[in-house]
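Everything on this sheet refers to the single structure shown next.
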Amino acid sequence: MSPQVDEETPLLQVQQHKPERTPLPWFQFMIVLFLQLAEPLTSQVIYPFLPQLIRDIGITQGDETRVGHYVGLLQSLFFLTQAMTVHWSRISDRIGRKPVILIGLFGLSMSMYCFGLSTTFWGLVLSRSLNGALNGNIGVIKSIMAEMTDSTNIAQAYAYMPIAWSTGGVLGPMIGGALARPADQFPHLFGNNEFLKKYPYFLPCAVPATFSAIAWLVTFLFLKETVHAPTFALPKLLRSNKKLTGKISPTSGINDVTIEIPDNEKPVPFRKLLNRRVLIAAGNYATLSLVDIAFRAIQPLFFSTPVELGGLGLPPSSIGNLLSIFGLLNGVMQIFFFAKLHEYWGSKKTFMMGIASTVPIFACFPILSYVVKSNGGVTPLAWMFVALQIILSLSISFSYGAIFIYITAASPNRASIGATNGLSQMSVSICRAIGPAASNSLFSLSMRYHYMGGFLVYYVLLGISALALVTASMLPRQA
């Protein structure tokens, strides 16, 4: 007797035997990875030059301890406005994934051009807000991934999924560091270009903006719709086993036909998503994102902070190179090790390993500060701790692949994948909105008022890591 299936039945069932792996639809899969690259490029490209941009527009009035506050605010704005875009995922359940992705890519492109042309703080605020508000692609792309896969190949798909983020993590900081202030960095090429002198950060912003425009064209021409039984696709439904009522003739309109879809294939109401499985998976995704974004936000700020204040005093180009090294290593680790590690350890242990690694990652900051201050500059010992921190941070990305599997498994049915991802993405965006602003502001306050020797921010982050570990323990052993 087959088990009863209803809207509360988990999407992925635990297999008693190991079935043969279903091949991935590689052409469409590679298109999705290509489209996903637009997001990390636009978010990562500003990290190397953002502290210097804040100094250049003069809003801190020369007070170095205030730089972190404004950097964190701009980093958070994208995720704050993105948290309001949960409706994009629910809309994609009804009208299809492709139209929503096209809107998102258009928003990314236009807002990045505007960011590069902004010369005031409020111009940056408006551009960054539009960047997040018009883009709901993260949750929608995860829904496409889930609809392309099944329980036999989903781990393999999520092993490749970080390729886009890793590539963006390599190219974004490299572009941002290398092309910022081109008239100063390359005077023989751009020294006489008055436009780039007036808008010194337009060039690094124009690269991801143009890429997003190209991605829009690729989506329009080649991406196939994956949403399960969309209500607008009448010809597809007529070929399916859905129950139809009414008379159908060559002259019939769509309003002449009534389509009855089984309850377990309909998107469930929002309140039905608020069950224990979805909330635990979404909650862990949120806490993972909080500790991760806090680290990613503080790291370039710490690298940029002058040595006498406890930072490394590095220029944007060096910061971009370090972040690019992380992105390159992260991509290699994800491609070659995530699926094997997940198969050996399972989702829960893989997830908890990444969360646990944040404890020594945050502990490296005060150690680095002490080493640099004691020696009056960046020494080989300091570079050893920078390398250790980068290597440890690679394991955080393993946690993302694991939690994506939990979220997909928690969806009540395939028709609700978009809504489940949208709910999860909303909680993540809220945490990512809080993380940079709170951590960077706390970094500035700790430095300005010397709280706990200037290390208060790191004690708080270690406490958040402990909280994330407690939350991770609530996950079921198997997705």
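Heads up, the Cβ atoms here are built off N, Cα and C, so glycines get one too.
As annotated by TrEMBL, domain 'Major facilitator superfamily (MFS) profile' applies to 28-479.
Within its own chain, the transmembrane segment (100-125) is flanked in space by residues 35, 38-39, 42, 46, 53-54, 57, 59, 70, 73-74, 77, 88-89, 91-92, 131, 133-137, 140-141, 198-199, 201-206, 208-210, 212-213, 215-216, 219-220, 223, which lie at least six positions past its ends and keep a Cβ under 8 Å from the stretch. Among the features that TrEMBL reports, transmembrane segment is placed at 100-125 (among others).
Per TrEMBL, the feature transmembrane segment maps to 201-223 (among others).
Look at TrEMBL and you will find 318-339 (among others) tagged as transmembrane segment.
Positions annotated as transmembrane segment by TrEMBL: 351-371 (among others).
Within the chain, the transmembrane segment (383-407) has long-range Cβ neighbours (under 8 A, six or more residues past its boundaries) at 12, 142, 145, 154-155, 158-159, 161-162, 165-166, 278, 280-282, 284-285, 288, 291-292, 295, 299, 312, 322, 325-326, 329-330, 333-334, 337-338, 341-342, 347-348, 350-355, 357-358, 360-361, 364-365, 367-368, 371, 420-421, 424, 475, 479. Residues or ranges marked as transmembrane segment in TrEMBL: 383-407 (among others).
Annotation comment: TrEMBL describes 455-475 (among others) as transmembrane segment.
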Mean predicted confidence [pLDDT] for the domain 'Major facilitator superfamily (MFS) profile' (28-479): 83
